[in-house]
Amino acid sequence: MARPMGKLPSNTRKCAQCAMAEALLEIAGQTINQKDLGRSGRMTRTDNDTWDLASSVGATATMIATARALASRAENPLINDPFAEPLVRAVGIDLFTRLASGELRLEDIGDHATGGRWMIDNIAIRTKFYDDFFGDATTAGIRQVVILAAGLDTRAYRLPWPPGTVVYEIDQPAVIKFKTRALANLNAEPNAERHAVAVDLRNDWPTALKNAGFDPARPTAFSAEGLLSYLPPQGQDRLLDAITALSAPDSRLATQSPLVLDLAEEDEKKMRMKSAAEAWRERGFDLDLTELIYFDQRNDVADYLAGSGWQVTTSTGKELFAAQGLPPFEDDHITRFADRRYISAVLK
């Protein structure tokens with residue numbers, strides 16, 4: 001049985017920045033409107049909650065963009081997202097604007113420097129994994145791309161897509177509208193034919209996608225970056241089933257498998273997230289991720305896809321770090337989180 005959620009132990013309080021790192025890994029860009037917050041400031045997930053990019057959970061997409069801005073400015077960066085910082089500024093959340101611009105350092109939020117370095121490296125690794133996935137897919141001849149829960153993803157604008165590539169971005173209407181307008185204000189032009197599909201993934205998004213021009217007879221590269229932890233177990237299965245139903249042979253899918261935690265690990269993770277929430281609250285940003293993530297036991301993503309006819313390849317975060325020559329980390333919590341599997345699959 002998990003211990004009660006009481007006062008945070010001192011070692012947990014000291015690692016607020018590690019908690020921020022963990023929190024960033026869980027965020028997929030999904031957001032829920034401020035109007036759904038109760039008087040306590042906590043979020044209660046409902047079947048019809050909505051989201052934008054400027055309030056409450058909407059800020060999670062901005063948090064990931066902030067991390068990409070930091071990773072892009074790192075010494076010898078693995079990624080380059082020139083739109084990350086200006087998009088963060090456009091959203092206007094003070095904490096993230098100051099972090100993205102360099103005015104505020106991660107060390108100013110928490111006192112665990114290793115956690116901050118790992119967070120930046122991890123977001124770089126994660127971003128590069130999906131960038132490389134799309135590069136490999138187009139090299140194999142795929143010219144139809146679907147980015148699920150796109151948030152502030154700018155791959156349609158920053159990746160060198162081959163001629164004839166069509167990119168479909170799916171997210172909430174407010175998210176799609178904001179990003180499209182903000183990038184237009186930056187005079188940014190997509191490098192592929194971009195179609196923004198404004199639909200909730202809990203609704204009939206396959207029909208909306210096809211109505212936008214998607215051709216299920218063509219091989220497609222799908223991405224579900226950081227998304228699955230924000231879906232209940234049955235929602236995860238429905239999403240994967242829908243992707244399979246839309247996929248022609250040789251289609252590809254990239255995603256991440258949520259960590260399987262025992263009760264003690266789950267309780268510890270929640271406490272660390274609350275520690276991060278306390279640190280953020282001191283900076284004027286109020287968000288408790290424990291109210292957003294589904295910790296329920298669920299089907300193993302790799303096994304589920306394999307059972308649906310996909311040929312699955314997995315890599316752990318540790319393996320991706322090693323492949324880039326990045327140093328390992330000794331913090332137990334970070335090491336555990338680096339066990340998360342990155343999944344690339346091809347439908348046969």
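Any Cβ shown, glycine's included, is placed from N, Cα and C.
As recorded in Swiss-Prot, the features of this protein are as follows:
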BINDING   Asp171, Asp200, Leu201  S-adenosyl-L-methionine binding site
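Where Swiss-Prot records a feature, it is marked here on the structure.
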{"residue": "Asp171", "record": "S-adenosyl-L-methionine binding site", "Cβ within 10 Å": "30"}
{"residue": "Asp200", "record": "S-adenosyl-L-methionine binding site", "Cβ within 10 Å": "17"}
{"residue": "Leu201", "record": "S-adenosyl-L-methionine binding site", "Cβ within 10 Å": "21"}
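In this entry, Asp171, Asp200, Leu201 make up the residues listed for S-adenosyl-L-methionine, with the farthest two CA atoms of the set 7 Å from each other. In the three-state DSSP assignment, the secondary structure recorded for Leu201 (S-adenosyl-L-methionine binding site) is coil.
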